[in-house]
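Accompanying notes for the structure given below.
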Amino acid sequence: MGLLKRLKKTPTETQTGQTTKKKSRRKSFFSLISPSDVTEGSLQVWAGLPPKIRQDPSLASFQLEHNRLHGESHDEQFCGTSEEGDRPANEEIALEEHEDAEESSDHSEFITIKVPNSANQEPHKPDDHEISTHPNPSHNTPESHHTPESHHSSHNLPLNAHYYLHHDDHMGLKEDPLYQKYLKSGFLIICWFTFAVILMMKKEKVLTTKTLAVPFNDFKGYEIRPMPENHVLISLDGAFLPKEYTNETVEFLSVALQLVTFATDSNDTISVGEAQLLENIGDVWNIPIVSVDELDKAPIITKKHQFSIVSEHIAYDNPDLGVRLKMWTNKMSEDFAVKLTYDVEPMNVEVGVIYAALIMVLLYVLIIWEIVHRTFATVIMSTLAVAILAGLDDRPRFVEIIQWLDIETMMLLFSMMIFVAVLTETGVFDFIAVYTFKGTGGRIWPLIHGLCAITVLVSSFLDNVTTLLLLAPISIKLCEVVELHPVPILMAIIVHANIGGTLTPIGDPPNILITSNHYIAKHGVTFLSFTLHMAVGVIIVGIQTMIQLRFKYRNVSDLRLKIPTQIQDLRREIAVWKRAAASLSSYSKDADLVRETLQKKVKILQHQLKKKSMTGVVETALYKSTLEELQKAYPIKNKALLIKTGIALLFTIALFFVQSIPNLQRLTLAWSALLGMMLLLVITSKDDPEAFESIVSRIDWAVLLFFGAMSCIIEAVTRLGFIHWIGKQTEAVIMSCSEESRLAVAIIIILWVSAITSAFVDSIPVTTMMIRVVVSLAENPALGLPLQPLVWALAFGPCLGANGTLVGASGNVCAAGIAEHHGYKISFIDYFKFGFPLMLGSVIVTTCYLMVSHVLFTWH
């Protein structure tokens, strides 16, 4: 919202009408800083601000100094400018609103700067007679003594004024009670003290690793040192067969744990005559291995097994007593090489599951009640999870933690954020929003249905992150054009992005994991069969979701802004300026100068918001903009840049499709996006070499940090045994059912467990765990369960379950971040109230579809 205003009003100007008023407005600005105070360093800081902040008239001094030093507008170099006559209508409204801001600001200084009317006129620094300082603008404005607002008193507020006052807490106008601050600080200090003490006391666990050769005509013995007490975890790396092929071999590596006595001191490797067997500890562990012909070609696979030591003969004070690992093969004609890693103090998985559940509960308490920002909550809980692993004698090394990070998702996010930042400069999102408005005739439900249908179609072939990063800005701008509340519309877009991702094997990461499994692919699950079976369910779920949305918002006024537009605009404006000021650190005096200037603007806007809230804003009739006015207000700003960005984006989308072809899979989604982003920067770098800093400053680093910390939490709770425990319980319930109802129960359990779990835990580890359950059930000949119905249930579960909560999928968090950048907040509770009922409805409908098609009619 600009701070444009005429320097003074003369009787002649008042009588000349609207044309003279606009002309005078273009001649002068109220700037928050004098041009003489602007330095070259502060100009560089100003150039890195977002365009909405940088182009604000209250920062006109920076623009004038930039023009004087460099001879052209900074924004014309990269994003282009529009003619003065094409100024949006809302900016003209902002001119009038600024009069109120002047009246309510008692401690602000404004610098009036003359601006040339013509682009050909040389810009100049204002002379002394062109600069006037107003310590109190309200005293210099005659109209300030006659405004209607000045007659309102605090005891004569409109009925809705108190409502506005109670909704200003997220703008910093209302602070938390003192006791809540102390409780929050106390809780965070306890968490910090807990993981700080544990991490300082516990060392990183370094396991013993040996490479051994098992002879084909003898056994290999290896003494486990130090002597294990209760359990020992054995990990072997070698040419083992995957679990789905275990029934196709007769060759095994057998591993047994034995209690032995040694007559004399022995070396690490023990031959037959050096130890005397006392007893075998536990059962023999048989691992299927590849044939001799495949030894040099087979991939290395890791197998783990935990032996429990329970023996009456163990006496730890006996120096001749030891535990030996005995390994041998049955039908191999060559030696078999393995890499052995063992842990004599493995973590207690039963206790680990409890701690993992506690971590997830604490995480969602922090996020749901918004005790801290969700990114900070994930950072705290990820550190606490590592500390709990350390407390259970399983502290991971720093290299392992780095490997936990989901670099693929983070690289994809980073690259697509660059695309969105550059596309924003072209004005294409505003342009598309206006023409969508034209296509739907401005009617609300056709508009929503159209956006949702486009989202389903796009997300079925592109990943959800890319889909939402491209469509969310368009949806927000479109809602602003037709004066709808963007939050419910954006949440509907998120839901349909997850529904659309269910349709094809490349639409969502869980589907990619499912269809890339060798056992599943071998048993008839192809691209065509997958899409055919999922399409029917997606259509039914889409219809159900739209019916549920129509019922939820049967009163269309619920989709309208419940707070007057002026109040909403001011709140968003304050949030944007606050974020811009917070992004500048005190690394130089120039940065301090720009930040202080931005903070002055925040104070002015807060004062204006407080005054409008106290006096009560009477909402005028909804403004019906004509299509011609909208098209004039939101043109394409820079067609050349749009063409270059479109080329790079089409190249990236083409790579997305190419990598989905099995024989051409050379690049992942992340690499495809990164190559497209680099192409974009290469072909646009000549326009403005310094624009890169401005683009990078608009990347949502908080979202990237959220995904990094969240991936650490998921890996930590997986290591604590939480995901494995869920899989075991699921398999146990299915196995306990009767043969007649086993298929129906298996479909229901797999669908609902994966859906509910994916709503709160990342879908990738859940899908990985449930794939093992599905394959195990299909391989069991005693159960006689067909594979394909279980696969369809598993494909629907994680994708639809992601609609349950705000953190259910990567795209959900990305869309929430985009909304915050536009001044709209999607809280965890708000999304939960919206998405969880829709998720339950879609899973119920999918259950009925699977029951009818595969239990009643046996489509498989």
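Note that Cβ sites are derived from N, Cα and C of the backbone, with glycine treated the same way.
What TrEMBL says about this one:
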COMPBIAS  122-132  compositional bias 'Basic and acidic residues'
COMPBIAS  142-152  compositional bias 'Basic and acidic residues'
DOMAIN    364-797  domain 'Citrate transporter-like'
REGION    1-28  region 'Disordered'
REGION    116-156  region 'Disordered'
TRANSMEM  182-201  transmembrane segment
TRANSMEM  349-369  transmembrane segment
TRANSMEM  375-392  transmembrane segment
TRANSMEM  412-435  transmembrane segment
TRANSMEM  447-472  transmembrane segment
TRANSMEM  484-507  transmembrane segment
TRANSMEM  527-547  transmembrane segment
TRANSMEM  641-658  transmembrane segment
TRANSMEM  664-683  transmembrane segment
TRANSMEM  703-723  transmembrane segment
TRANSMEM  743-761  transmembrane segment
TRANSMEM  834-857  transmembrane segment
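Only pairs six or more apart in sequence are counted, and the transmembrane segment (641-658) with the transmembrane segment (182-201) gives fewer than three Cβ pairs under 8 Å, not enough to call it a contact. Counting Cβ pairs under 8 Å that are 6 or more residues apart, the transmembrane segment (703-723) and the transmembrane segment (349-369) reach 3 or more and are in contact. Here the transmembrane segment (834-857) touches the transmembrane segment (484-507). Their Cβ atoms form 3 or more pairs under 8 Å, with each pair 6 or more residues apart. Per-residue confidence over the domain 'Citrate transporter-like' (364-797) averages 85 (mean pLDDT, predicted model).
Below 8 angstroms of C-beta separation, residues 409, 412-413, 416-417, 419-420, 423, 436-437, 439-440, 478, 482, 489-490, 492-494, 496-501, 503-504, 506-509, 538, 542, 546, 549, 653, 656-657, 669, 673, 809-811, 814-815, 818-819 of the same chain, each at least six residues beyond the ends of the transmembrane segment (447-472), sit close to that stretch. Proximity of distant same-chain residues to the transmembrane segment (484-507), defined by a Cβ-Cβ separation under 8 Å and at least 6 residues beyond the stretch ends, is recorded for 444, 448, 451-453, 455-464, 467-468, 471-472, 475-476, 478, 514-515, 527, 530-531, 534-535, 537-538, 541-542, 545, 549, 553, 558-562, 656, 660, 795-796, 799-800, 802-803, 808-809, 811-812, 815, 819, 822, 824-826, 830-831, 834-835, 838, 842. Below 8 angstroms of C-beta separation, residues 188, 191-192, 194-195, 198-199, 202, 347-348, 351-352, 355-356, 359, 362-363, 366-367, 401, 702-703, 705-706, 709-710, 712-713, 716-717, 719-720 of the same chain, each at least six residues beyond the ends of the transmembrane segment (375-392), sit close to that stretch.
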